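Asks: Annotations per Swiss-Prot:
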COILED    424-460  coiled coil
COMPBIAS  403-418  compositional bias 'Basic and acidic residues'
MOD_RES   T412  phosphothreonine
MOD_RES   K449  N6-acetyllysine
REPEAT    13-63  repeat 'WD 1'
REPEAT    73-110  repeat 'WD 2'
REPEAT    123-160  repeat 'WD 3'
REPEAT    164-204  repeat 'WD 4'
REPEAT    207-251  repeat 'WD 5'
REPEAT    258-296  repeat 'WD 6'
REPEAT    302-349  repeat 'WD 7'
Amino acid sequence: MSRQVVRSSKFRHVFGQPAKADQCYEDVRVSQTTWDSGFCAVNPKFVALICEASGGGAFLVLPLGKTGRVDKNAPTVCGHTAPVLDIAWCPHNDNVIASGSEDCTVMVWEIPDGGLMLPLREPVVTLEGHTKRVGIVAWHTTAQNVLLSAGCDNVIMVWDVGTGAAMLTLGPEVHPDTIYSVDWSRDGGLICTSCRDKRVRIIEPRKGTVVAEKDRPHEGTRPVRAVFVSEGKILTTGFSRMSERQVALWDTKHLEEPLSLQELDTSSGVLLPFFDPDTNIVYLCGKGDSSIRYFEITSEAPFLHYLSMFSSKESQRGMGYMPKRGLEVNKCEIARFYKLHERRCEPIAMTVPRKSDLFQEDLYPPTAGPDPALTAEEWLGGRDAGPLLISLKDGYVPPKSRELRVNRGLDTGRRRAAPEASGTPSSDAVSRLEEEMRKLQATVQELQKRLDRLEETVQAK
């Protein structure tokens, strides 16, 4: 009698652990807008989530450790004039976040260490060029100040945030219909897109050329998502002709047939994929679902291996995914999600059970650090580079907020890009006002530090 051989994997027993109530963010008003983005973005310093706002669009930014009940009057980032659809933290500066909105603009914001004391209405730069709502913002993985945006005008724009100027535009001739998803390759040389015309495309954005494309990776009519995974492969999620949800793995050089195609269930929510290149695990989270499925990708058939599923009682309205440098390596945490409920944000830690408290080198290979590998000019000139890697053996401490190198460039770019209008203040007046605002922010931060020290003294007594 033959025995079934169980595949060996150190990730077979990964389990999800939701945070205790006092480690959640309570009483937050998550946006009711219908849009298939995660509505949440996190990094080692902050958690940001798109919230309900009257008279415009807003999102909430909280220091990661500021858990518990969130005051209903907590200051928000509220410069958009219509609902915010997508947010993304800069991978090279934990204090910088980009937002795309129904008001057709992309805005880039700087968040002070310690979080917001007052509502933030003025972005560092506003990027204008789309003619319809902007539903996707995505930072370049390794080049400094390079930001991509995709709008419902079927246009992708790549911006140099340091100048406020559009470097590249991929028009409707590339995508004739709504763009569902965009993902950068690990070295930032290619982008992978999915579109309402039922095609997945791999594009060299600097040349504007489609390197490869697949028509109907999934037969259903619902939206498809596509992301780069391990070397030379992409992963897609979509629906069958019978409306069953599917996940598929493809070789980018041979897109005729998938390496693996698995049917999951008959739920209607679009599956959002999150890929970890350090472990080759992909996590699938669906809006309206109450579960997170995870799979391991290997270089040998059958290539895509189901590991397990984390389930809870309440469905999710959105999901944020922590970069590897924000995890607790001493607890063997290999991923952390921030699940949005209707009035709450709940961290969920994905952990590999290990008996030893020592650093587990096999779980934590060198990972992408916060420093860019290229400048925007180098990338535009044709250079590609993988991320600069760091070790997590001694843990990761986020650096203190430093004056952004993009600030001066952003201000100049904003003045250069904006049309001259009668009655607008001079550049000298603008500079003086900005300097005063910086001084006021510094004063507020100093007063907050004094207040914190005073509270510590009172508690000690």
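From the backbone N, Cα and C atoms, a Cβ is placed for every residue, glycine too.
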Asks: Based on DSSP, tally up the residues of the repeat 'WD 1' (13-63) by helix, strand and coil.
Replies: 3 helix, 24 strand, 24 coil
Asks: Do any residues of this chain, six or more beyond the ends of the repeat 'WD 6' (258-296), have a C-beta under 8 angstroms from a C-beta of it, and if so which?
Replies: 9, 11, 14, 16, 36, 38, 186, 217, 222-223, 225, 227-230, 233, 235, 237, 240, 243-251, 302-319, 321, 324, 334-335, 337, 348, 350, 363-365, 367
Asks: May I have the DSSP-based helix, strand and coil counts for the residues of the repeat 'WD 6' (258-296)?
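Replies: Computed counts for the repeat 'WD 6' (258-296) are 0 helix, 22 strand, 17 coil.
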Asks: Please report, as numbers and ranges, the same-chain residues at least 6 past the borders of the repeat 'WD 3' (123-160) whose CB is under 8 Å from any CB of it.
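Replies: Residues packing against the repeat 'WD 3' (123-160) from afar: 35, 37, 79, 82, 85-92, 96, 98-110, 166-172, 174-179, 181-188, 191, 193, 205, 368, 372-376, 378-380, 384-388, 404-407, 409-410, 413-414, 417.
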Asks: Let me know how many other Cβ atoms fall within 10 Å of the Cβ of the residue listed as 'N6-acetyllysine'.
Replies: 11
Asks: Quickly jot the same-chain residues contacting the repeat 'WD 4' (164-204) by Cβ under 8 Å, restricted to those at least six beyond its ends, or write none.
Replies: 36, 125-127, 129, 135-136, 138, 140-143, 146, 148, 150-158, 210-217, 223-228, 234, 236, 252, 255, 277, 374, 376, 379-380, 384-387, 410, 413-414, 416-417
Asks: Can you count helix, strand and coil residues in the repeat 'WD 7' (302-349) using DSSP?
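Replies: Across the repeat 'WD 7' (302-349), DSSP assigns the residues as follows: 6 helix, 26 strand, 16 coil.
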Asks: Which of the three DSSP-derived classes (helix, strand, coil) applies to the residue listed as 'N6-acetyllysine'?
Replies: helix
